[in-house]
Amino acid sequence: MPLSRLIIQQFRNIKACDIALSPGFNFLIGPNGSGKTSVLEAIYLLGHGRSFKSALTGRVIQNECDQLFVHGRFLNSDQFELPIGINKQRDGTTEVKIGGQSGQKLAQLAQVLPLQLIHPEGFDLLTDGPKHRRAFIDWGVFHTEPAFYDAWGRFKRLNKQRNALLKSAKSYQELSYWDKEMARLAELISQWRADYVAQMQSKAEQLCQEFLPEFHIQLKYYRGWEKETPYQQILEENFERDQTLGYTVSGPNKADLRIKVNNTPVEDVLSRGQLKLMVCALRLAQGQHLTEKTGKQCVYLIDDFASELDSQRRKRLADCLKQTGAQVFVSSITENQISDMRDDSGRLFNVEQGVIEQG
């Protein structure tokens, strides 16, 4: 469902804005520091309950204000508007409303508004630790497997309890009861993740090949422990090692999506521009898989579109985004940088010192 309207109040340097949006492309044009990234950040907050730039709520609330508001309206397939909103206060209090109903959960926001973010710091998906790639996989599983969210939450709680017990346990028998349920959840979570990667892998590799035809891209899922060994057996066999270290070494919390280019780690081969294109390909593949499985469309947020990309690569990405038919928000310093994306259905907004006006 595309956003038809966006209202932002007291968010960073945006005191207040109320804008009607295109179901296709929406361009935010302005100099650095003008507030265009803050618009993307506010939309991200609306879909995730947090900023992608700061974990501290106080930093995104406007100075001398006690709270912020972000509200949106969506058009569903029947052209009915669904209102959603989030209110955050400096003391950490968060209120979520969906369809006018208060007390909703952040996970429900994420279900209503599936977002894909492409921004200058997004290389961490490819170059940093496994947690970023686990989050990438889990975004897809969350949106396609209804039971995943609760199962993953239960596993993490059990893992935390197990780590606490490791410090005092005198034998493995003291952990065996907890490990049975933990192993059941681990096998379930791992299978969901493996199925998801298998389903979207060909699309991801195809898009990577289109964006980077000079390279052979390989994706491989690692579940976090030895492939052929049941997880409960791993827990029992590794008890002494886990106890020495003070935490559970193996498990779905160690899973990874291993990505190689010509059998070499991506960071050793690709330039920054090529890394950005690969991130774009992976995000687009996820969005297309979501649409195929659920009928939902992603909303794409692209911050600093021209960064790291020459004109040919910008055009390639623009063409691919157009083909999705999804709603896209793009920030750019100049109109010239987004010329390949412009059409009659898109809307352009000029952003200056936190003021957003339709161009």
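Every residue gets a Cβ built from N, Cα and C, even glycine.
The ATP binding site annotation in Swiss-Prot covers G30, P31, N32, G33, S34, G35, K36, T37.
Apart from the site residues G30, P31, N32, G33, S34, G35, K36, T37, the chain places the Cβ of S38, S331, I333, V351, E352 no farther than 8 Å from the centroid of the site's Cβ atoms, the recorded ATP location. Classification of T37 (ATP binding site) by DSSP places it within a helix.
Between the binding-site residues G30, G35, the minimum number of other C-beta atoms within 10 Å of a residue's C-beta occurs at G30. Less than 8 angstroms from the CB of N32 (ATP binding site) sit I333, each of them six or more residues away in the same chain.
Taking Cβ-Cβ distances under 8 Å and a sequence gap of 6 or more within the same chain, the neighbours of P31 (ATP binding site) are I333, E352.
Annotation: K36 carries the greatest number of neighbouring Cβ atoms among the binding-site residues S34, K36, T37 [cut-off 10 Å, Cβ to Cβ].
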